[in-house]
Structures are given as C-alpha cells and as structure tokens.
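K.L.:
After the structure tokens below, expect a handful of questions from me.
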C-alpha cells in the first residue's frame, strides 16, 4: 500500500495541467517501459503549498529536442520488436509521459507508471508495477525525485541526461542507471581544461538546482587541486526575476577574470544569454557544460557576439541508421487524435489545424493540411547530424532489452557466480530486470560497448568542442580534443591538433590570471587575505634558482654550484686559487724570480772575488751554501702559485720547510763560527779554531731533523687539495689542506727555533771587535725574519681564499730578501763599490791593533 499512499499525497488537490501534461504516447507489449520527457519546458504559475488549491501548471513552448528523443526511443523499441535475435517473439510496449519540465509533474508521472493509473483515489493498489523499467527524465532534479520513489520498489530508472554526481550514491539511489557520464567526471575534465590553457582565475555561474550546484561544487574542488581559483560563483534559475539575472551579468562584466565557466542547463543559459546580449557582454571566453554546449538553437549569429569561441565538453557524436527516415514519418497522420502530434506539427510548420479565432490575437497563421513535408524542415527534431543525446536514449532502451533477454535466456552477467532460475516472460518483475541490468555488457551497431559500473555509471568519454564559424558565417561545433576517464591520470585529456578559435581575438588565446606569472628566477609568495592564485613574485635568494614559470618555491643549488645572474639555473661555482694568469700571481712570481736572480748574481760576485779577504773572512763555503738555500727559498714560492694538485700540495710545504731549515742551519753555523773564531783569537784563549767539518755536520744535522719531520708529515697526513665551500658560499676556494696541523706547525716551529737561536747568538756577538763583524748583520737579518713570520701568523689565519696563499708567499719572499740584503748586501757593497776596504788590514784593523 505504500504506492497508494505516495500517490494519494500528490492528488489531495489535483493539479489541472494544461498543454496535455501527462501520458502522451502508449503502446502495450509483453514488456512495458515507462518514459518521461519534457515536451514542454516553460511551466508557470506553480504554487504547490498543499494548503490551498495550487492552481494550474501552464506549459509554454514545445521542446522539439525532447520530442525528438521520445521518437528515438520509439524507434529503438520498434527496431527491437522487429529483431529476430534480441527478445524474439516478445514485444516491448511503452508509456510516455510529459513532465513539462516540472519535478512535481515528474513525480506524478512516475507514480502513474508504477501503479498503472494516473489517479488512484478510492482504488486499491495492484501491488505490481505497470512497467519494468523507466527511461528518463531529461534533468537531474526530476530524476532525483523519480529515483527516490522507485528505489524502494526496485524499479530501474535509466536516465539519458541526468548528470548530477549525487545520483551515483548507491545507498540513496539503488535502482538508478544512466547512459550519460556523471558530472563527477565532467567537472574534473573542465578543471583540467582551464588549467591546461593557463586560466587560473575564472568566474563561475551555475543553475541553482541539483545539476548546477552539485556539478559546480565538484568543479570548484577539482579546480582547487589544479591550482585554479574562482573569482565569483553565481547561481540562477530560469524563472528568477530579470533584476536578479541582470545583477549576475553585471558581476560577470565587472570581474577581472576573462573566463566564465557556465554549469547551466539549457533554460538558465537561455535567460542568461538574453541578458548578456542586452548588456553587450562580449570579449569573454565561455567554457560550457554538456547540457548546452552542443545545442544548435543557441549557436546563432546573434549569439555569436557573446558565445563565439566557446569551449566545452560534450558526449560523443553518433550515427543511428534508419532514424532520420523514421523521424520524417512522424506526424498527425499516425494518430489524428493525439494532441501532442498535432501541436508538434503546428509548431514545426507555424500553422493551425483549427481556424484561428479573432480573440486569439497575434499574427494570422495558415491552416495545417497535414500533408506538409518534414524533409523541407531543418530544426532540432529533424537534425540527425550528431545525435549525441539521442544515442543515450537509444542505448538505454537496448540496455533494458539486453538485460531482459539475459534474464529470459538464463545468461549470467559477467562476474556473477550465483545461479539464477529462468523466468517466464509473463512473470518478469522489475527487481529481476534491475539485477540483470547491473551486469549488461554488449556492443552497439556502432561498435560502442554499453555497460555500467558499480554506481550505475557508464565510462566517461567526452569530446571537447569549439564554437567556430564556417565559410557561410554559421556557427559549427568543431571537435578539438577529447577526454577519457578510463585512461590513467595524465593521459585522460588530450588535444587533437585542430586550431582553436578564441573569444575576442580568434587567433590569440585569452589570459585569465589574478597575478602575472612569475618568471624563472622568482617564486610565488602568497598575498594575505587573497586566494592562492593571487600572489607576488619574489626573487630567489642567492644560491637558489627557479627554472620554471610560476614556481612556488626556489631550489637550492648543490654544493659545487651557484645560481646565475637571473637565478634561473645553477652554474658551476667560480673556483678561486692563486694562478699565474692573474695580476697578483704574476707579480709574486716575478718577485720570486727576481729574488732568485739576485741571489745567483751575488753567488757569481762571491765566486769572482772568492780570493779576496772579505769573502774568505765570511766563510765562503757557508756563504755559497746559504746563497744556494736562499735561491731555493725564492723558487719554492712558485709552488704556491697555480691550481693545487696532490704533488704541488705535498711539495710546497715540504720544500718550504726544508729549504728554510737549510737556510737557518747555514746562518746558525755562520753565527757559531763567528763567535768561536773571535773567542779563539783572544789572547790566552786555548779554544781551537772551528773546523770546516764541524760546520758541515751542524748544517746537515739541523736540516736532517726538518727532513724527518716532513717525511713523517707526508707519511701520516699529507697535504691534499681541498675545495673550501664554507668560507664563501658563492665560490669554491681551491686550497691545500695541510692534512696534519701538528705537522704544519712543527715545520714552522722548527724554523722559528733555528731563527731564535741565530738571533740570540748573533745578538750576543754583535759587539765583538773587528771592522767587519758579521754577527751584526745576522742579528739584523734575524730581526727582519722574526718580524715577518710573527706578523704572518695572524695574517695567515684571517686572510680569505687565495690571499692566504699570497700572505704565505709574501712571508717567504720578505724573509728571503731580508736575509739576502742584510747578510750579503754590505759585503757586495764593499766588493763592488769600496774595493779599497776589501783588505785583510782593514777587516782585522781593530782586532789586530789590540793584539799588538
């Protein structure tokens, strides 16, 4: 009795529906299908308060598209009835109702289909549905109402146009199926579309019903995941006051976004388009949903000023052999008493079957003869060029037929392991059809396969169409891409290479962004209180890059790389070392060579005047050995210049340490020799004169100890090339890591110890008698040497990069020149400029006088 109770609620105050709302076509068969279409689409004066008589629903304007769909359904049924392979010897009947675009009328129609009668007040419910399945309705809102009623009775409903994603909820709509993809997929396809073209700042307008609200909610969610922001989102209904429609159009015109995503039904698009034309709303890129994107009556020259270049997804085109011939046979001659056929004829040919009364008003119309030719008419009813929605109705009828065929032939659906008992055609129940409908999987004549997933949805496949003009100036729908939800992510959306015509400038794709793109070298920074698509561009920090447009963050370059000037890519860091190609390296190398040449020149002078008293008095063997060591000291500084390598790093410090140790050993031997020599010449002193072998042993021993230190250093922790990236982030300082700091400071410390001994002995011997007291010059040279190396330590520690090496070279050269000039300068001066003083008498003058 539930059916009876539900229908009673609808007929407490029965509505008087004009324009023949209710059953329009019917034919009895062994199996009956119920069908609900909107043959009239403008219901007015609706007042369903259920407290007072709501009045009547007056329908205006015949919907030729739905009339075409209804005839397509009849064509499919007749085709099946004539088939010898599908449901042989079984006829399919139908009952077609006009919902007049009203959910209330749709509810009333579904009650009539379930119970078999349009009104059942005072009658008993039969308990058996009059139909085995229902096809319809043409909108989501009506389909939701229908499916909620039929679900409890397991009567399958197959819609050809209801796309609301909410209908995929199996708990709420257990008996619902559809042959058109869910908006769940269309909304995501639209989000991928706007992202693909770089439109991250878009406006949105939707129908204020289940279709628009659910579809737009899914789009907003998917767009957010794609990084697309919604500037505004407006909702309208076709029967809203014009002031409200005008306000929405004003919002669109004032907005900064240049792309409008219109998730609208045909009725809402009609009223919005009229107001857009009234306000001259042009230059915007429209992105439409499948409900209106391929409707021919919208694609007029008048509307192209607003909608030219429109993009949107629609279901695929199809061909149904024999359909056009069938449609051209439709007319009042089939059933002269059918008022809907008469109204269709009058609408198509702008004539009247009954004479027009004067009181009717309006322009006079000719009288219909019934012999007019549909072949001469081009309108939505006769158009079979694409058959996008017609194919959905066609597939729905065949899906029901195949499910009943499987039921009667005891065929098991794919994946079903439970045996089912065969059913006789006289005892088929809707619930059985529902169970088999879930498992249908068959090919159509076109090769397309029909099946449903666990939610009753088909595979989502769309075509991306673009509104373009042909050579005649007429708007045509050109397929420029496709979307297949069954493919993996990333491969679902694809363009086919056909040129797109854009809104405004047909050859230039419009830009619709809140903020201009951040170029490489910059990153996006959010603006407080604004959507994520509105951002400022901040340059990447030093050492970071962004090599893509609109990067959200900068990437840190690896350790040995640094950002280039515009911070768009990482380039190898500048490797810094003291080279022979730069000014400082050239200058230091030149000074080193000059020092070596001067030392060699002094050696030649001493060799030339080796028999003179001053050369003999200065211990010529030690002098030549000292000059040789000084030459090595000058030359060892060259090992510090150039790109550090393993051999140069090991050579530079060991060569420096050994040559300076040899040099200091010679100076120390000379100092000791001076002291011993003067002590031996004192009256009454019995100390023997220093012998040459003793000097050689002292020099060899002192140098050998430094050699041992260097060998241990090289064996345990040698100096190696090292890339120093810590001191300067923008460059690599290529230097020699000393390896063992103990070894490094042991070498320097030993040289310092020898220098200190020389200084102390020379200082004590500075007042010894003689005109030529070499201890004075040694003392002065040691003062210079110690001063240089004492100041070297803080300068070495604090100098950055290659200047550290330069400081070390400077210390080597300065101390070497100090020794050369202090010890050998006065002697060369006498030899070359004062030869009269280069006599034994002059050199031994004071000492000799005292001994006398």
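Using N, Cα and C of the backbone, Cβ positions are placed for all residues, glycine too.
The structure displayed is predicted, hence computed values, not measured ones.
Look at TrEMBL and you will find 584-847 tagged as domain 'G-protein coupled receptors family 3 profile'. The region 'Disordered' annotation in TrEMBL covers 354-373. Marked as transmembrane segment by TrEMBL: 586-609, 621-642, 654-678, 699-722, 742-765, 777-797, 809-832.
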K.L.:
Can you see whether the transmembrane segment (586-609) and the transmembrane segment (809-832) are touching - at least 3 CB pairs under 8 angstroms, only pairs 6 or more apart in sequence?
P.N.:
yes
K.L.:
Can you give the mean pLDDT for the domain 'G-protein coupled receptors family 3 profile' (584-847), rounded to a whole number?
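P.N.:
Result for the domain 'G-protein coupled receptors family 3 profile' (584-847): average pLDDT 80.
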K.L.:
Go through 654-678, 742-765, 777-797, 809-832 and flag the stretch with the largest number of C-beta pairs under 8 Å relative to the transmembrane segment (699-722).
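P.N.:
The stretch with the most close Cβ contacts to the transmembrane segment (699-722) is 654-678.
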K.L.:
Using a Cβ-Cβ cut-off of under 8 Å, list the residues of the same chain that are 6+ residues beyond the ends of the transmembrane segment (742-765) and lie near it.
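P.N.:
Same-chain contacts beyond the ends: 653-654, 656-657, 660-661, 664-665, 667-668, 671-672, 674-675, 678, 702, 705-706, 709-710, 712-713, 716-717, 719, 773, 775-776, 778-779, 782-783, 785-786, 789.
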K.L.:
Can you say which of 621-642, 654-678, 777-797 has the most Cβ pairs under 8 Å with the transmembrane segment (809-832)?
P.N.:
777-797
K.L.:
Using Cβ atoms and a strict cutoff of less than 8 Å, what residues sit near the transmembrane segment (777-797) while being 6 or more residues removed from its termini?
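P.N.:
Residues 667, 670-671, 674, 748, 751-752, 755-756, 758-759, 762-763, 766, 804, 807-808, 811, 814-815, 818-819, 822-823, 825-826.
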